[in-house]
Amino acid sequence: MATTTTLKPRKDAKGPWWARLPIVSHYRMSAGLQRGMLVAGLVLTIVFVLAAALAPVLAPFGFSQISDTSGNFPTQAPPGGKFIWGTTVGGFDVYSRTLWGAQTAFAVIVTAVAFSIFLGVALGLLSGYIGGWLDRVLVVLADAIYAFPSLLLAIVMSIVISQGQSSLWGGVMAAAISITVVFIPQYFRVIRAETVRLKAEPFVESAKVVGASNLRIMSKHIFRNATRTLPLIFTLNASEALLTLAGLGFLGFGIEPTAASEWGFDLNRALSDATSGIWWTGVFPGLAIVLTVLGLTLVGESMNDLADPRLRLRRKAKRRGGKATA
Amino acid sequence: MAITTEIADEPSAAPAPTPAPAKAGGSFARYLVTRFLLIFPTIFILVTLVFFLMRVTGDPITAALGGRLTPDQLAERIAAAGYDRPVMVQYLEYLGQIFTGNFGRTISDNRAVTEVLMTYGAATAELAFNSLVIALLIGIPFGLLSAKLRDRWPDAILRVFAILCYATPVFFAGLLLKLVFGVWLGWLPIAGRAGISAELQLTSLQNPTGIYLLDALRSGNMAAAGDVIEHAILPAVALGLLTAGVFLRLVRTNVIGTLGREYVEAGRSRGVSEYRLLTKHAYRPALIPIITVMGLQIALLLGGAVLTETTFEWKGLGFQLAQYLTARDFVAVQGIVVLLAVIVALTNFIVDIVAALIDPRVRF
C-alpha cells in the first residue's frame, strides 16, 4: 500500500529503479530482527488488502444476510459446520462480516489518508513558506485541534456530517472526513517544520537568485524534499485511521450495519455476548482490527527505524559483532 | 487516537507555537508568562469550533427532542431557551456564561452541566490515574530493558508487545479481559465502579470526593475499598496497556538515542556501572521528550476513557458523554468538551514548564 507514494530517488542511490522504491529499499537496508518485523508487517498488510479486494469472492454470505434457501440462519451458533466462525445474535455470519469489514476499513483508510495528505501537505507548505500571520493562525489552529482528544473530534464531526443516518458511501465519506480533520494537524506539522528548515537551505536561495517563481520553488525545491517522511507517516496514520473508525463504530457513530460491515460496530454488539461467555462474535472482528493495525504499524515502525541512523544497526557491524553481543 | 511517538523527535513536537525568542536568553519568568497566555487561544479555539460545529446541525432543542414534540411545542421550547436568536448573539452570550462558570442545563435530563461535570469528573479522574500508574509501571522498566537489550530477542518481544498494546483497541482488550477474568475464571467483576452495597455506602458519605477509593479509605470502610479495587483492575489494565505501549516505545527510542552519546561512553570508561549508566546517565536526558509526549497522552487517555468507560459501564464523563452524544444533547456535550479542552490545555502548559525546568534549552 505504501508503495503508492514514491520517494524522490537520491542521486547517489545505487541499483535499478525498483530497488529505490520505499518498501524495497527499506527491505534491502534491513537486517536480522528488523527485517523480520518488516516482512511480518508486509505479510499482514497484504493479507488485509487481499481480504478487502476479494471479500465478494471469499465471503460465503453477504454482510447483512440472515437467511438463505435453506431458511433463516441460527442465532449465536458456535463456530463449526456451515458457519465456520459462528453467527451473531442477529443471525449474521461472523466469518463473512469480518471479511466484508476489511473492505469498509480499506475504503475509509484510503479516503481519509488521501484527503489528509493532500490538505495537510498543501497547508503545511503554504504556512511554512509564506510565514507571517497566516502561519501563526494556522499553527495555533492546528495545535488546538491536535491537543484535543481525536476520537471526540471525530465523533462531533461525524454527527455534523452524517446527521445520524448513513448509507455505505455516505458513511464511508463521513468517517473518512471526520478522521481527516483529526489527522491534518499531524501532516501539517511535519511538512511545515520541513518547509521552514528547507527554506533556509542554499539551494532555495540560489533558485531565488536565478529568478524561479515562488510556485516553482514550492513545488520543485521544497515539496520534493519535504515529503521524504510521508511514507512513514502514511503507514502510521493508516493504522490510526482504522482505530478511529473502529472507535466511532464501537460508540455507534460510524456506518450503519445494514449499509456495510464494520468491525467496531460488531464489537459493540459482541460486548453483551462476552458477558454470557459467547466469545466468537467479538474475538474475530477484534483480531481483524489488531492484526491489520499491527501489520501497518510494523511496516511504519520498521521504515522509521531504517530511516533514522540513530536506530539503525549497520549490517556489517551486526554480522561481525553478532556473536560477541549476543 | 493520536499516538504521537513517531513525531516525538521532531522539534515541532513542542506543543505550543512559541513567539520569537526573547533576546539574550529570555528569563524563565518570561517564558512562564508567554506560555501561560497561550493556553487561552487553545481553549478559545476549541470552544468556538465545537459551538459552531454543533450549530451546523441546527439548534440543540430540535436535535435532542425533534422526533418527540410537535412543531408548535418545539418552537415554544426553542424560543424559551433563546435558540431563535442570531447565532452570533448566542455565541457571545455562551462565551460570557462560560466565563462566569455557567454551563447551562442539559436538555435530555435537565441537570446543571457543572453538577454533571463534578459528579462524573471524579470517576474519570480515578480511572485515568489508575491506568496511568499501570502504564508507567509497565512502560518505563520494560522500555529501559528494551533499550539495554537492543536488537536481541527480548527487545523484539517487547517491541512487538508495545505495538500490540497500541494495535489493540481498548474496547477489544476490555472485551477479552471481561471474557477471561470475569466470565471464564470468575475472578473479577466486569462492570461498574463498585458493588451495589459498597456504592450505596460510598455515595451516602458526607462530602464525598467522588473518588471511590479515597472515600472508602477516608471513612475507614476496608470492605468497600477492597470492592472498589476489584472493580478498578480490569478497566485500568485495559486503558493502561494502551498507554504502556506508547511509553515503552518512547523510553526505548530516547534511551537508545542518549546511550550513544559521548558522556555515556565517558562514564563507562570511568567504571560507572551499566545499571547506573542506564538509569542515570542515559535515562535522565531522555526524560524531556518523554514528559512532553506524556502530556499529549493525557488527551489520548481522555479519548480512550470514553471507550473504556463504555466498555465497562464505568459511570464517568466519557460514559456520560457517549450517552449525551446519542441523545444529541449538545448543551451537555459542549460543557464536557470545554472541560476536556481546559484539562488538555493545562496539562500541556504544566508539561512545558516541567520540561523547561529540566532543560533550560527548550525555553526558546
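Every residue gets a Cβ built from N, Cα and C, even glycine.
Those TrEMBL annotations? Automatic predictions, nothing curated.
The feature transmembrane segment is assigned by TrEMBL to A:37-59 (among others).
According to TrEMBL, the feature domain 'ABC transmembrane type-1' maps to A:102-300.
According to TrEMBL, the feature transmembrane segment maps to A:105-126 (among others).
Positions annotated as transmembrane segment by TrEMBL: A:138-161 (among others).
Annotated transmembrane segment per TrEMBL: A:167-188 (among others), in sequence order.
The transmembrane segment annotation in TrEMBL covers A:230-255 (among others). Nonlocal intrachain contacts for the transmembrane segment (A:230-255), taken as residues 6+ away from its ends with a CB within less than 8 angstroms of a stretch CB, comprise 1-2, 5, 7, 22, 104-105, 108-109, 112-113, 116-117, 121, 150-151, 154-155, 158-159, 166, 168, 171-172, 174-175, 178-179, 182-183, 186-187, 190, 262-268, 289, 292-293, 296-297, 299-301, 303-304, 307.
Within the chain, the transmembrane segment (A:278-300) has long-range Cβ neighbours (under 8 A, six or more residues past its boundaries) at 1-2, 23, 37-38, 40-45, 47-48, 76, 78-79, 85-86, 88-89, 94-95, 97-98, 101-102, 105, 232, 234-236, 238-239, 242-243, 246, 263-264, 266-267, 269-271. According to TrEMBL, the feature transmembrane segment maps to A:278-300 (among others).
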Query = What same-chain residues lie close to the transmembrane segment (A:167-188): Cβ under 8 Å, and 6 or more beyond its ends?
reply = 104, 107-108, 111-113, 115-117, 119-121, 123-124, 127, 138, 142-143, 145-146, 150, 153-155, 157-158, 161, 233, 237, 240-241, 244-245, 248, 254-256, 259-260
